[in-house]
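**Q** Per Swiss-Prot, active site, proton donor/acceptor is recorded for D152, and the stated evidence type is similarity to another entry. The annotation substrate binding site is assigned in Swiss-Prot to K175, R196, K197. Look at Swiss-Prot and you will find S28, S29 tagged as phosphoserine. The feature N6-succinyllysine is assigned by Swiss-Prot to K46, K57, K89, K98, K197. Residues or ranges marked as N6-acetyllysine by Swiss-Prot: K65. According to Swiss-Prot, the feature transit peptide maps to 1-27.
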Amino acid sequence: MLRSCAMRLRTLGATPARRPEATRRLFSSEEVVCKDYALPNPSWTKDLRLLFDQFMKKCEDGSWKRLPSYRQNPPQALQEFQTHFVDSKFKKEEQMSKAQQFTRSLEEGLGFEYAMFYNKAEKRIVCLFQGGLHLQGMPGFVHGGAIATIIDITAGMCAFSEGIVMTANLNIDYKKPIPLLSVVVVNSQLQKIEGRKLFVSCTIQSTDEKTLHTQATALFIKLDPDKPLT
């Protein structure tokens, strides 16, 4: 994942001796006051709204959970992350308080429109993604870097269910281009864990599952709170 994605969607806060508070908060039903951007807005197409409603139905029996998504990390969460993982000489609290998550930094409809759903039993994350007009690469199609980003954060969420992680490796095979404003399904699953290494697979398919746009594998490393990142 991109370095900023290590904190994406998460109310970060971890205590070294137990399950990271960030993970507990994200995958629980704890109320938060930040605006949740993983909810329908006027830019969502009919296809995206339909898929969203279908997955919300799946959430009713508790097998799936919709994950929230925020533009900024709460100040307390940011401070806790920096305390455990950032060397004090590199902390820039005033600047960091103004930082925004990359995937939520564009106006609605222009960039990354998506919602994620988590299945704990299957160790799986499904992301419903609509690429906006400001994500263009070749005319009419989503940029490969934007595709890599949505894979990174979706696969990263699978790994994040096991603790606070960052990307070590991302291997992507681009099969078919994704048209702008189309809706695709990003499906990621945690395959295995070896110590601090977490291996995740990911695919992007059309909503009818007839077109495979992308295949990917990713390796994430669980962060050690005793070893600062900087």
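Positions of Cβ are set from backbone N, Cα and C atoms, glycine also.
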**Q** So among K46, K65, D152, K175, all listed as recorded positions, which is physically nearest to K98 (N6-succinyllysine)? Use the C-alpha atoms.
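**A** It is D152, whose Cα lies nearest.
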**Q** Over all pairs within K175, R196, K197, the annotated substrate binders, what is the largest Cα to Cα distance, rounded to whole Å?
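**A** If we measure all Cα pairs in K175, R196, K197, the largest is 31 Å.
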**Q** Among the recorded positions K65, K98, K175, R196, K197, which residue has its Cβ surrounded by the fewest other Cβ atoms within 10 Å?
**A** K98
**Q** Which of the recorded positions listed here (D152, R196, K197) have a Cα atom within 10 Å of the Cα of K57 (N6-succinyllysine)?
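**A** Qualifying among D152, R196, K197: none.
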**Q** Taking DSSP as the reference, which of helix, strand or coil describes K57 (N6-succinyllysine)?
**A** helix
**Q** Per DSSP, to which secondary structure element type does K46 (N6-succinyllysine) belong, with helix, strand and coil as the options?
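**A** It is helical.
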**Q** May I ask you to report the DSSP-based helix, strand or coil state of K65 (N6-acetyllysine)?
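**A** SS state of K65 (N6-acetyllysine) = strand.
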**Q** Using a 10 Å radius around its CB, how many other CB atoms surround the residue listed as 'active site, proton donor/acceptor'?
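**A** If we count other Cβ atoms within 10 Å of the residue listed as 'active site, proton donor/acceptor', we arrive at 23.
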